[in-house]
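Colleague: Pulled these from Swiss-Prot:
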| type | residues | note |
| --- | --- | --- |
| BINDING | HIS123, TYR127 | heme binding site |
| TOPO_DOM | 1-7 | topological domain 'Cytoplasmic' |
| TOPO_DOM | 29-159 | topological domain 'Periplasmic' |
| TRANSMEM | 8-28 | transmembrane segment |
Amino acid sequence: MTPRQRRLGMLLAALACAGIALALVLNAFRSNLVFFFSPSQVAAHEAPASRSFRLGGLVAPGSIRREGDGMTVRFIVTDKAREVPVVYRGLLPDLFREGKGVVARGTLDRSGTFVASEVLAKHDENYMPPEAADALKQAEQVNRRMASQLAEGERETQR
């Protein structure tokens with residue numbers, strides 16, 4: 001083998017190793033990437049059905065139900081436009097309450113219930129995860145638009 005062929009072989013081997021390393025890093029990154037979705041996005045089927053994701057919003061008032069085993073809790077997460085039922089088995093954070101912000105990590109089952117593997121509550125009364133705050137603002141804007149359209153329709157029918 002000539003020196004030129006050896007250099008070319010070394011270069012190709014180095015490129016192959018770099019490509020394999022890049023593929024492994026991207027695969028690890030992809031498997032650890034968890035997206036955030038609001039209840040409205042989940043209801044619109046924008047959330048992945050087979051992958052883990054985060055669901056954020058408010059715990060709907062009157063929705064917390066504890067099952068007989070003492071560890072399983074069912075509740076509803078809402079963004080004031082849509083609601084998603086959640087089931088969680090484990091200890092809830094001390095700050096978990098109705099009407100307060102929550103972010104849960106888990107998957108959707110076939111019935112549309114979010115099966116949470118982790119539940120996080122906001123840490124004080126002023127904090128809301130940025131994604132959840134944005135989702136709530138968007139839902140409130142949609143609700144206002146719908147209310148104004150309904151009011152316009154009622155005014156037109158009264159004429």
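Numbers run from 1 along the shown chain.
Cβ coordinates come from backbone N, Cα and C, glycine included.
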Colleague: Go ahead and report the DSSP secondary structure tallies for the topological domain 'Periplasmic' (29-159): helix first, then strand, then coil.
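Modeller: Counts, helix then strand then coil: 38 helix, 41 strand, 52 coil.
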Colleague: Suppose you look only at the topological domain 'Cytoplasmic' (1-7); what would the mean pLDDT be?
Modeller: 87
Colleague: Using DSSP, tally how many residues of the topological domain 'Cytoplasmic' (1-7) sit in helix, strand and coil.
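Modeller: In the topological domain 'Cytoplasmic' (1-7), the DSSP-based counts are 5 helix, 0 strand, 2 coil.
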